[in-house]
Amino acid sequence: MPAEPSTDAARPADAPAPNPARGAGNCASNHARSAAGAIPPEGFGEGRGGGSSFQEMWRELAPIGRDADTHGYRRHAWTPADADCRAWFRAQAESRGLGYEVDRNGNQWAWAGDPEAGDAVVTGSHLDSVPDGGAFDGPLGVVSSFAALDELRRRGAELTRPLAITNFGDEEGARFGLACVGSRLTAGQLTVEAAHRLRDADGVSLPQAMERAGYDPDAIGPDPERLARIGAFVELHVEQGRALDLSGDAVGIASAIWPHGRWRFDFAGEANHAGTTRLVDRRDPMLTYAETVLAARREAELAGAVATFGKISCEPNGVNAIPSMVRGWLDSRAADQSTLDTVVTAIERAARERAERDGVDLSVVRESFTPVVEFEHALRDEIAKILGGGIPVLGTGAGHDAGILSGSIPTAMLFVRNPTGVSHSPAEFAGEDDCVAGVLALADVLEGLACR
Ligand code: GLV
Ligand code: MN
Ligand code: MN
């Protein structure tokens, strides 16, 4: 992958050159291109297979968990906003006559066809958000999945394999600190004991939160039988970079996900008076933290990686008190594991050196780690063939449930153009025509994989 690591803009060597013919186009394939032109986005999917239109679904979801001041979404796992999203998913499933179920880990499933038949094709994404997240990260994949099913029904396509739509729980990890909890549990990449230890900022444990939301936390655990019944998982997602905008394509296919992880840095100092404590007498963990943030930026830049302290807590958090404790969470990602190791080791070394000078105690805990994901080539090639030649293939620095599941089943991803590349922000955006192109591309893929 190239040195610019920040987003999906990283184009791996195996990606085809941008196709100039697509410059003004919105669509992934000839089929999608012509269809998108013929179908106005407003009303897309209306009256097809009894489901709501894309627009209707989008409108229904829009107010759920949206903060009135920031206009960002706060759909955190097992909160009332999450419950409302789940109720919406269930209503979509039931309005289409799909078989609805919640698995042992709280992931939702809507089935067309018999789940027990095996070799199912599954699509979907997640409905939870980061703090003040955008409307598209996750929901675009779920809404597009229902709309694609409506489109298949409109086409009169007949399923030859079971087809399911999913909403994986707690993908962002905004509340309990660990991303992709639902898919990790299912894939056996998170132990039940570790899941039970997860706590939110108020000390509420994951089991308590699940129980309060009406789910059985004692049921959680690996679900190999469920995974064994799935032949392919395809997740559609808004792009979180500008590669498609730069190439002039509405839709692309994922090649790989960078290895990434989260580390908690606890800087313990000594609380004291901000007005009377001489500078030389202080043990100020905020100073150590500040130097560590600068080191993270420096080391990431040197290595062509990314490193972010996006979340901190400070105790006692008083304006006239030197803090006793600063906690900072580092998120770091790189194109390969050894670069990531080098960056994180260098950041920790810099933090320890500074901590020594400041009289601060430092502990560093790795809270999560996801190794590099290379999406299965056979499925990727099959999807590329279905969608027609020249579709761009992109790497990404963002984590996804498809990446977690790729260790257990063949998975693939479709990305939909994001003209600004902004994500994890209320400004996240995808144009209406591109959303339609995404739905049609997904419908083409599902038809190619699961229909006669
Ligand atoms: C999920 O969106 C992540 O990459 O953090
Ligand atoms: Mn996200
Ligand atoms: Mn996402």
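Cβ coordinates come from backbone N, Cα and C, glycine included.
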Among Asp137, Asp245, Asp249 - the residue TrEMBL places in the same Zn(2+) 1 site as His126, His237: Asp137
Candidates Asp137, Glu172: member of the binding-site residues with the richest Cβ shell (10 Å): Asp137
Site of maximum Cβ density within 10 Å, from binding-site residues His126, His237, Arg262, Arg333, His424: His126
Largest separation between Cα atoms (Å) of residues that the record links to allantoate, namely Arg262, Asn320, Arg333: 36
Spatial neighbours of His126 (Zn(2+) 1 binding site) among the binding-site residues Arg262, Asn320, Arg333, His424 [C-alpha, 10 Å]: none
Residues close to Zn(2+) 2 site centre defined by Asp137, Glu172, His424, Cβ within 8 Å: Ser129, Val130, Gly133, Gly134, Gly138, Glu171, Ala174, Ser423
